[in-house]
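Asker: Encoded as structure tokens, here's the structure I'll be asking about.
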Amino acid sequence: MRSGQCAAGAPVLQFTNCRILRGGTLLREDLWVRGGRILDPEKLFFEERRVADEQRDCGGRILAPGFIDVQINGGFGVDFSKATEDVGSGVALVARRLLSHGVTSFCPTLVTSPPEVYHKVLPQIPVKSGGPHGAGVLGVHLEGPFISREKRGAHPEAYLRSFEANAFHDVLATYGPLDNVCIVTLAPELDRSHEVIQALTAQGIRVSLGHSVADLRAAEVAVQSGATFITHLFNAMLPFHHRDPGIVGLLTSDQLPPGHCIFYGMIADGIHTNPAALRIAHRAHPQGLVLVTDAVPALGLGNGRHTLGQQEVEVDGLIAYIAGTKTLGGSIAPMDVCVRHFLQATGCSVESALEAASLHPAQMLGLEKTKGSLDFGADADFVVLDDTLHVQATYISGELVWQAEEAGP
């Protein structure tokens with residue numbers, strides 16, 4: 001924890017000649033950083049009568065909040081759902097490699113697995129601050145096993161579960177301690193799901209609806225019970241129907257609690273979601289859209305077979321299938337690619353595309369005071385981008401942690 005006294009004595013960095021994303025607008029302003037946080041320059045000038053200790057010219061580039069990926073199953077040969085004696089080293093490798101894609105924080109995601117896998121893996125993935133070693137870990141996302149058999153997608157049917165009479169006790173028996181967990185994806189049509197949603201949210205865990213055949217009413221009741229997120233909208237759920245739009249209908253439902261914003265993940269990899277579907281969702285509910293990669297261990301690798309939890313996926317070009325099927329088995333597109341594709345597919349503003357990968361996931365997790373923005377007092381986690389939104393440099397707590405060759409600052 002950075003104390004005020006330590007921060008006050010730290011050097012002041014001034015990033016100049018840049019466009020910073022703040023308040024939904026790209027502003028031609030300087031970015032001031034001290035002690036790992038975004039600094040208000042007026043207080044520096046008028047209260048402390050100080051100037052910057054160091055200036056860095058950004059060459060007119062964009063400075064945006066660091067990307068946050070709340071659904072990533074692994075990457076670069078690492079499978080988060082594989083129970084080993086040293087899960088941490090794999091998480092560290094992925095965290096390090098994500099820096100080149102502008103990701104400063106992420107939620108390692110475990111797909112449906114037997115209880116012994118959760119019991120072994122979860123204690124090995126603690127919440128961890130980011131830095132030169134890699135992107136920060138915000139908590140684990142547990143996707144399954146309490147999901148629909150019909151909409152299980154890439155999840156192995158043998159390990160799917162329903163809630164027993166003592167529902168939350170069953171959750172704890174399956175997962176073990178939830179200290180390192182920040183999101184749980186479940187199907188709201190399962191019996192006793194609302195009891196579980198209430199228990200999870202009481203512990204500060206976000207509940208996401210997904211891999212589900214729920215109708216709209218069941219989804220609305222789940223949100224009224226505390227659910228706040230939808231896992232990869234359109235994928236692994238009932239298709240939109242005009243008489244019952246299912247979970248998709250939450251985007252425009254008038255039955256949600258007053259002031260409640262439902263967030264929803266979208267895989268904008270050019271494979272999982274048609275551009276027209278991206279446009280429909282964004283135009284219906286832009287402030288809730290959260291870009292996710294749903295990346296699998298094959299991210300960053302070539303064609304061939306790779307693991308995903310208890311199954312294998314086969315990569316063919318830009319597509320990952322469950323081996324021997326035509327069922328999609330996650331994505332192999334990193335977050336910066338998803339941001340660029342989303343921008344092109346929807347025709348939205350650059351600001352909107354960047355906020356979908358930063359501010360919105362931070363808001364969904366309740367971290368918007370420290371992550372996902374360049375507001376004064378927020379963590380100085382940001383990405384430097386050129387006009388085509390290619391990553392030039394990544395900073396965590398104001399420290400340069402990755403830089404493209406021949407790029408600055």
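Glycine is treated like the rest: Cβ placed from N, Cα and C.
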Asker: Look at the divalent metal cation binding annotation in Swiss-Prot, where His211, His232 are given, and name the residue from Glu143, Glu157, Glu164, Glu189 listed for that site too.
Answerer: Glu143
Asker: Any idea what the Cα distance is from Arg243 (substrate binding site) over to His211 (divalent metal cation binding site), rounded to a whole Å?
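Answerer: It is 21 Å, counting Cα to Cα.
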Asker: Which ones, of the recorded positions Glu143, His232, Asp294, have a Cα no more than 10 Å from the Cα of Gly329 (substrate binding site)?
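Answerer: Within 10 Å Cα-Cα: Asp294.
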Asker: Count the Cβ atoms, other than its own, that fall within 10 Å of the Cβ of Glu143 (divalent metal cation binding site), considering every protein chain shown.
Answerer: 30
Asker: Which residues of the same chain, at least 6 positions away in sequence, have a Cβ lying under 8 Å from the Cβ of Ala154 (substrate binding site)?
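Answerer: Expected: Val111, Leu308, Gln311, Val313, Ile322, Thr327, Leu328, Gly329, Gly330.
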Asker: Output, ordered by sequence, the same-chain residues six or more apart from His232 (divalent metal cation binding site) with a CB under 8 Å from its CB, or 'none'.
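Answerer: Same-chain residues close to His232 (divalent metal cation binding site) (Cβ under 8 Å, separated by 6 or more) are Gln71, Gly210, Gly265, Met266, Ile267, His272, Val292, Asp294.
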